[in-house]
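The next block holds one structure in the form of structure tokens; read it before the comments.
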Number of protein chains: 4
Amino acid sequence: MFIYVCQIQFVEDKQEFSRFPTKAGRRSLSRSISQSSTDSYSSAASCTDSSDDETSPRDKTQTNSKSSTDFCVKNIKQAEFGRREIEIAQQDMSALISLRKRAQSEKPLAGAKIVGCTHITAQTAVLIETLVALGAQCRWTACNIYSTQNEVAAALSELGVAVFAWKGESEDDFWWCIDRCVNTEGWQPNMVSLPLLFDKIDANVHSLRVLSKAGKLCVPAMNVNDSVTKQKFDNLYCCRESILDGLKRTTDVMFGGKQVVVCGYGEVGKGCSAALKALGAIVYITEIDPICALQACMDGFRVVKLNEVIRLVDVIITCTGNKNVVTRDQLDRMKNGSIVCNMGHSNTEIDVASLRTPELTWERVRSQVDHVIWPDGKRVILLAEGRLLNLSCSTVPTFVLSITATTQALALIELYNAPEGRYKQDVYLLPKKMDEYVASLHLATFDAHLTELSDEQAKYLGLNKNGPFKPNYYRYVCTF
Amino acid sequence: MFIYVCQIQFVEDKQEFSRFPTKAGRRSLSRSISQSSTDSYSSAASCTDSSDDETSPRDKTQTNSKSSTDFCVKNIKQAEFGRREIEIAQQDMSALISLRKRAQSEKPLAGAKIVGCTHITAQTAVLIETLVALGAQCRWTACNIYSTQNEVAAALSELGVAVFAWKGESEDDFWWCIDRCVNTEGWQPNMVSLPLLFDKIDANVHSLRVLSKAGKLCVPAMNVNDSVTKQKFDNLYCCRESILDGLKRTTDVMFGGKQVVVCGYGEVGKGCSAALKALGAIVYITEIDPICALQACMDGFRVVKLNEVIRLVDVIITCTGNKNVVTRDQLDRMKNGSIVCNMGHSNTEIDVASLRTPELTWERVRSQVDHVIWPDGKRVILLAEGRLLNLSCSTVPTFVLSITATTQALALIELYNAPEGRYKQDVYLLPKKMDEYVASLHLATFDAHLTELSDEQAKYLGLNKNGPFKPNYYRYVCTF
Amino acid sequence: MFIYVCQIQFVEDKQEFSRFPTKAGRRSLSRSISQSSTDSYSSAASCTDSSDDETSPRDKTQTNSKSSTDFCVKNIKQAEFGRREIEIAQQDMSALISLRKRAQSEKPLAGAKIVGCTHITAQTAVLIETLVALGAQCRWTACNIYSTQNEVAAALSELGVAVFAWKGESEDDFWWCIDRCVNTEGWQPNMVSLPLLFDKIDANVHSLRVLSKAGKLCVPAMNVNDSVTKQKFDNLYCCRESILDGLKRTTDVMFGGKQVVVCGYGEVGKGCSAALKALGAIVYITEIDPICALQACMDGFRVVKLNEVIRLVDVIITCTGNKNVVTRDQLDRMKNGSIVCNMGHSNTEIDVASLRTPELTWERVRSQVDHVIWPDGKRVILLAEGRLLNLSCSTVPTFVLSITATTQALALIELYNAPEGRYKQDVYLLPKKMDEYVASLHLATFDAHLTELSDEQAKYLGLNKNGPFKPNYYRYVCTF
Amino acid sequence: MFIYVCQIQFVEDKQEFSRFPTKAGRRSLSRSISQSSTDSYSSAASCTDSSDDETSPRDKTQTNSKSSTDFCVKNIKQAEFGRREIEIAQQDMSALISLRKRAQSEKPLAGAKIVGCTHITAQTAVLIETLVALGAQCRWTACNIYSTQNEVAAALSELGVAVFAWKGESEDDFWWCIDRCVNTEGWQPNMVSLPLLFDKIDANVHSLRVLSKAGKLCVPAMNVNDSVTKQKFDNLYCCRESILDGLKRTTDVMFGGKQVVVCGYGEVGKGCSAALKALGAIVYITEIDPICALQACMDGFRVVKLNEVIRLVDVIITCTGNKNVVTRDQLDRMKNGSIVCNMGHSNTEIDVASLRTPELTWERVRSQVDHVIWPDGKRVILLAEGRLLNLSCSTVPTFVLSITATTQALALIELYNAPEGRYKQDVYLLPKKMDEYVASLHLATFDAHLTELSDEQAKYLGLNKNGPFKPNYYRYVCTF
């Protein structure tokens with residue numbers, strides 16, 4: 001869930017994109033690396049996967065209604081269905097639509113040629129179509145061989161965006177798509193959108209990381225991940241909802257009265273704990289940091305070592321970012337029927353590898369749900385094989401994706417329009433004021449009305465009436 | 001979700017079961033009518049519906065491993081898979097298992113011959129196998145042509161229970177199954193288990209209602225629905241969880257900041273409101289009863305008329321048991337993208353019929369999710385066509401089904417073993433003490449430890465040390 | 001906190017009121033017994049106790065501005081200050097004022113002559129003045145020698161109500177006041193208002209109980225205590241607020257992170273637990289009733305035996321109605337600095353007597369706060385010597401008293417105006433519809449708007465459009 | 001509530017302390033400025049103010065049991081009572097006691113000569129006695145002419161600490177006390193403890209600010225105010241409790257169903273809102289910062305402009321740090337009986353001055369409670385004349401004061417023992433690791449058990465096993 005939007009001075013790094021042409025036009029040839037927020041797949045996506053047609057898209061010739069053939073998707077005829085998915089997504093992305101409306105007469109991205117490599121979902125489509133509305137030309141490919149919503153790819157292609165992606169690409173397809181996306185006659189990208197850190201489930205991590213690393217070294221980049229807004233939403237608020245959703249969809253577990261241990265009391269742990277407590281679970285916390293531990297105490301949780309409660313609890317949820325937080329020895333002592341899952345930032349928190357031993361039987365009972373069975377018949381329910389539960393087993397609300405997408409759009413505009421010299425070869429945070437702007441665009445959804453400072457009050461507080469209202473260092477807020 | 005367990009003096013009512021023999025043996029020929037609690041389908045069930053074999057079960061000859069052919073299911077070979085589903089269900093039904101273990105040496109149902117007509121799910125199977133363990137002979141058929149888990153039916157048949165049911169029966173199949181279940185050579189049922197009130201979605205309502213009505217008139221019956229334990233669980237606690245689950249699975253809606261109006265502040269409304277508020281929604285209540293309204297105020301909700309907030313809210317949830325609580329006129333004024341659903345006791349709460357007019361377009365976007373589109377493009381999202389959301393779009397926790405099933409088992413034991421004359425031709429509530437016993441069996445799940453009265457304290461309070469701890473009229477507790 | 005309002009056939013019971021004349025007029029000479037709800041004293045009351053004047057009121061001759069001398073209070077000159085206290089109370093008793101306004105043209109109590117014996121507080125005054133506005137003549141005396149607000153008594157006397165009461169009466173004064181109140185030339189009471197059960201701290205219990213017992217035997221009486229509205233407010237909602245207030249005012253304890261055991265999970269226990277959990281305490285529950293215990297589990301509390309947590313907890317709160325719930329043996333094992341208090345219905349829950357032994361030192365550190373010190377220096381903080389915390393150490397919101405007072409006023413009107421024969425010599429609950437009416441009068445405070453049934457809906461539900469909306473047995477709601 | 005602890009290179013600044021000698025001994029002459037956290041007065045303090053003796057302490061000669069006369073307090077004979085207050089405070093300050101025990105053999109403050117000018121309360125006494133136990137010599141005076149607990153001052157003096165303070169000093173007394181405290185034969189302070197920013201209610205602000213400003217300019221100082229631990233406790237957690245306490249003690253208001261607007265959604269606003277919502281109030285938020293506003297939305301609050309709800313709400317609470325947040329115009333439109341109070345950082349938030357006009361009547365109904373009465377009889381209840389509610393009308397839990405005091409003690413140790421050159425003439429934040437240490441000392445109170453990193457985990461995370469666990473910039477956490 002880390003995203004970079006950047007504008008890169010092209011530096012003849014031909015390893016991956018050897019046919020990239022050199023700089024031309026007002027701006028040097030650059031790459032803007034961005035990614036649609038999360039690895040989740042919407043429910044809709046999984047419903048519509050009719051694999052009736054077995055022909056590879058590479059072997060088909062398709063033409064959209066404007067007679068263009070500059071795209072490669074599963075089936076261009078699904079465009080109408082995809083359009084509906086995009087329209088549904090737009091309903092919860094009114095901030096981005098609002099930005100689109102406000103800025104489309106100015107065309108702040110006129111001349112921008114953006115290549116993107118992200119998940120291709122309805123929400124991404126809303127972002128791409130916003131970039132187009134603001135003047136950009138876009139070509140897009142998928143960052144993951146499984147995550148493309150075929151209908152959405154068709155709808156974008158029908159609109160004229162050159163998309164090269166389908167669900168279920170082979171690795172060879174994947175590279176073929178990137179090549180077709182980037183290398184086209186008479187078109188040179190000057191911005192790129194790429195994920196900085198891919199989740200470990202992606203097959204394509206290595207190569208893209210090289211690309212992103214190259215980018216980091218030689219151009220200004222904007223870290224849209226560490227904005228306050230995105231952090232609070234992706235972590236605290238989003239996890240508060242997705243922990244419940246993820247557990248319910250996989251196990252139908254009743255929350256009331258369940259004893260749960262949440263390992264780690266950062267933003268993710270806080271969100272998970274609050275939601276479960278609110279639904280009647282009894283939650284224990286483990287922590288290494290005494291400040292977080294003290295907060296857990298004040299919030300009404302018992303702070304324990306995992307070993308103290310391991311025989312007692314019904315559910316373990318890891319939210320630490322650490323490794324081997326739940327060990328084989330501890331899994332051995334869990335109750336029959338207990339559930340183990342991970343909401344943290346990696347797939348290392350539960351020592352899943354230690355469970356792949358001959359004396360234990362694995363039984364896949366549902367998608368993403370394994371029963372690990374001990375010789376005495378005890379079953380421990382492992383979700384998503386220890387990978388992130390909310391990426392694998394629940395959906396991310398479109399509203400959260402809207403915040404991410406709006407932030408990305410603003411970052412692209414800022415980088416593209418900044419005066420020469422404002423940004424050097426470094427990683428920047430989105431300026432505080434833009435962070436506030438993203439937030440303000442989303443208030444309409446809640447019919448929330450902001451109070452405005454009077455001149456007298458602004459003077460008293462030493463603030464500009466239009467913000468920023470807090471200093472830049474207030475963004476480091478997410479961990480306590 | 002209303003269930004009756006009853007023991008019926010056979011009265012030559014040959015309408016439905018014309019070949020029922022007359023009384024024989026210690027007890028008169030009776031029928032016990034019971035039903036596994038709810039209309040929900042577990043997630044697992046839907047995963048395993050491989051309709052590869054198109055032959056009707058009626059046309060196949062199947063034999064279980066004990067060479068019996070006295071059953072009719074989709075595919076007896078699925079028994080092993082079904083056994084696993086039953087084992088999983090048992091993990092959350094430890095109270096019933098505990099009852100089974102405590103009572104199986106006594107065999108309190110020895111001699112009982114029970115025919116059941118219920119949903120055939122893994123949870124029902126745990127009940128049936130408990131009845132068998134306590135000495136009963138059971139024959140079972142489905143109360144709904146869609147709700148049978150084929151693997152579970154196979155597993156029961158493999159064990160020797162005569163099951164006649166499969167998923168996707170025709171109406172003719174349905175009656176054929178009932179006939180085969182009830183009328184068999186050399187076996188005369190003396191107890192029956194039937195639902196009293198079927199949800200309106202059932203095709204079979206009418207006929208079974210006739211049966212149940214016949215039963216009501218001439219024999220003692222036990223209303224296991226109105227026990228305190230079942231009420232609190234099926235309504236307050238269950239709805240608290242299922243409203244979140246149902247909304248998430250259908251719409252992926254984010255709860256935080258959403259404005260929601262809950263119509264009705266009985267137990268169901270209280271459960272829905274509490275859960276949504278806990279997840280960050282702003283909840284309004286409508287009520288007709290000033291006492292409930294005052295409680296809503298004290299619980300921190302604004303009490304409004306629906307018309308005051310209709311243009312404002314993102315979600316309407318009906319929990320009234322009333323009709324036309326949401327009218328076409330009100331639906332006309334809702335916001336684009338708003339959601340309407342029903343958690344009450346009927347499908348009449350939302351005036352869905354009024355939406356089936358030519359100027360409105362219906363678009364089915366997912367299973368159970370319709371977009372109703374106004375001429376100006378406004379979409380209102382209608383869930384489950386106004387039927388019960390938690391039956392259609394979420395699962396009921398096995399633990400809740402365990403409470404229902406344990407209550408049913410106890411009711412059957414009580415009716416079967418009561419001394420002549422204790423129960424007359426009337427409807428009885430489960431005695432308070434048995435209600436308490438069901439609750440106490442479920443405490444182990446939570447590792448909860450009950451305090452025992454000392455002799456001195458029992459005397460001071462005028463109570464028996466073993467309960468009942470409250471008078472019988474305390475069961476009428478569920479509505480405020 | 002139990003209150004009776006009754007109309008009593010006079011039966012020559014001359015023990016207490018020997019000079020009562022015999023029946024005369026349409027109604028037989030009756031006594032109406034009522035009491036202002038609770039034993040609490042408002043903060044204001046305690047502020048205004050200036051004991052400058054040491055002359056006994058009995059020895060003073062005082063005259064109000066209308067030249068009446070038919071009263072006996074501390075100082076009639078305090079009337080203006082008392083009037084302000086009454087005005088303040090009126091602000092939170094708008095329902096009673098609303099009843100007063102609606103009914104004062106009808107004068108439904110015209111001809112009623114009411115003697116009352118209750119706490120004389122600003123809230124009581126609002127009730128008395130309402131009764132007067134509705135046509136009654138009232139004479140009033142105090143039920144407790146300490147609880148009179150002198151200024152309020154003065155304000156009532158100034159208005160013409162014959163009040164005989166002051167703070168700090170001797171027992172002899174007490175009886176003198178009752179005599180002067182009841183026995184006056186040319187005035188015969190026909191209704192009486194008395195508490196049924198006095199709290200044990202009252203010195204006057206015995207005699208009044210005799211009176212109330214006499215009443216119960218020979219006349220209809222109305223139990224206003226068991227109305228749903230009063231129960232929920234006096235128990236659940238009131239305790240939710242007063243447990244925090246009572247603990248804070250006495251000990252300044254921080255709630256966050258405190259480990260608390262609440263003994264008993266009825267309405268009082270539920271209110272206390274919910275409030276403490278909401279403020280960040282970790283709450284354990286003890287219960288004898290498995291149904292309540294199961295609810296505690298589902299509400300997210302661990303259910304334990306007291307001995308399991310006695311060494312661990314910071315606070316014990318008893319809410320059982322039982323005796324010796326906390327024994328000396330358990331007190332011996334509590335932590336240094338831990339707090340013990342009682343919110344239940346008696347002063348027997350904590351075995352305080354067992355602490356009055358020579359090896360323990362008692363140290364009174366503040367009003368209502370004792371440190372009990374063990375030989376090793378351990379201190380246990382005992383509040384209100386085990387009596388009800390919310391009566392002794394916190395205030396009861398005027399709004400709650402308003403509900404009680406409105407219920408009392410309605411009960412008096414009902415009894416006084418009921419057709420001959422409706423009420424026999426028995427104890428009646430307030431009719432459900434009047435309970436709903438009390439609730440509806442209080443909705444305006446919250447700006448709550450009730451929904452009205454359409455004719456069609458009323459017919460569908462089988463209800464009268466104006467209520468009652470629930471059957472009478474729904475009042476037994478308060479215990480689960 | 002801002003506190004500075006600093007060690008000051010003496011720079012011949014003779015304005016305030018003209019008789020300060022020059023540097024002598026191992027360390028240069030320094031001053032350590034610290035203050036006991038808050039302006040609150042414990043309940044106990046106010047109980048024990050028996051002003052029987054009207055002789056000024058300056059005119060009395062008192063001698064403690066060790067024959068010392070180097071102190072000036074109200075009455076040395078109250079020492080025993082004060083000792084008990086200190087003992088009670090110690091029970092909730094176990095972290096400081098624990099620090100005292102761990103470090104007293106090392107005497108890390110041996111040679112330190114500390115003068116302090118703070119509130120003199122039982123909690124301060126625990127700090128002072130800890131400093132003494134660690135080797136320091138201390139002389140102390142009061143920073144506020146009203147805030148001294150006389151008994152505590154007596155107990156400290158009895159122990160040998162030179163205290164010059166009593167409750168109700170004149171301004172002349174105040175300066176006399178400072179002089180006597182600082183200027184004594186043969187004793188030169190090398191550390192000083194002073195508040196940086198005094199609350200505006202203090203009469204002595206100006207002079208002390210000059211002193212503190214002088215200090216800031218020429219020596220290293222440690223800002224113990226901005227530590228994460230202190231911030232979260234003083235703001236979020238403390239306000240969560242004190243808003244309820246302050247409102248209850250002053251107005252006995254019932255929270256359930258009340259409509260409240262909280263102006264400002266920083267930490268203080270978050271704490272107030274959460275507590276009130278938890279107790280059943282309906283809370284609205286006003287905000288100027290869109291990021292905070294968006295958080296309020298997600299937390300389930302409606303974000304409004306004050307004018308939208310001003311006619312509706314029962315309570316206004318300001319938490320902004322801004323001025324004139326509630327104007328006369330808005331006060332004119334409030335409901336009869338509504339309450340206005342301030343929890344923010346100044347007394348400017350409510351425009352109280354605008355209420356001091358002839359057409360409005362002020363009526364003091366209780367301590368800290370004024371009714372402001374409009375010509376039409378409308379009353380608005382103003383608390384603490386718009387000053388901080390939690391300083392004036394509620395207590396601060398000792399536990400919170402313990403965190404502040406422990407932080408101060410550690411800061412003094414750090415400054416006193418730091419190698420030459422570590423701290424320059426600047427303001428330092430307590431090093432992150434010490435912040436964590438303060439937190440860890442307080443975990444024992446909650447019986448909380450910290451998890452320790454394994455070597456492998458520490459390496460994986462790139463952390464030292466003993467912390468710090470977060471970078472230094474994580475302290476800027478308190479405002480969102």
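We count from 1, first residue shown onward.
Backbone N, Cα and C atoms are what each Cβ position is placed from, and that goes for glycine too.
What TrEMBL says about a protein is an automatic prediction, not a curated fact.
Per TrEMBL, the features are as follows:
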- A:Gly266, A:Glu267, A:Val268, A:Gly269, A:Lys270, A:Gly271, A:Glu287, A:Asn390: NAD(+) binding site (BINDING)
- A:30-49: compositional bias 'Low complexity' (COMPBIAS)
- A:235-396: domain 'S-adenosyl-L-homocysteine hydrolase NAD binding' (DOMAIN)
- A:27-67: region 'Disordered' (REGION)
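Positions of TrEMBL features highlighted on the structure.
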{"residue": "A:Gly266", "record": "NAD(+) binding site", "Cβ within 10 Å": "21"}
{"residue": "A:Glu267", "record": "NAD(+) binding site", "Cβ within 10 Å": "22"}
{"residue": "A:Val268", "record": "NAD(+) binding site", "Cβ within 10 Å": "29"}
{"residue": "A:Gly269", "record": "NAD(+) binding site", "Cβ within 10 Å": "29"}
{"residue": "A:Lys270", "record": "NAD(+) binding site", "Cβ within 10 Å": "25"}
{"residue": "A:Gly271", "record": "NAD(+) binding site", "Cβ within 10 Å": "24"}
{"residue": "A:Glu287", "record": "NAD(+) binding site", "Cβ within 10 Å": "29"}
{"residue": "A:Asn390", "record": "NAD(+) binding site", "Cβ within 10 Å": "26"}
Completion exercise
On the domain 'S-adenosyl-L-homocysteine hydrolase NAD binding' (A:235-396), the mean of the pLDDT values is 93
Handout entry: A:Val268, A:Lys270, A:Gly271, A:Glu287: the binding-site residues whose Cβ falls under 8 Å from a chain D Cβ
Key = A:Glu287
Practice task
Consider each pair of residues in A:Gly266, A:Glu267, A:Val268, A:Gly269, A:Lys270, A:Gly271, A:Glu287, A:Asn390, all listed by the record as binding NAD(+), and report the largest Cα separation in Å as a whole number.
Solution key: 21
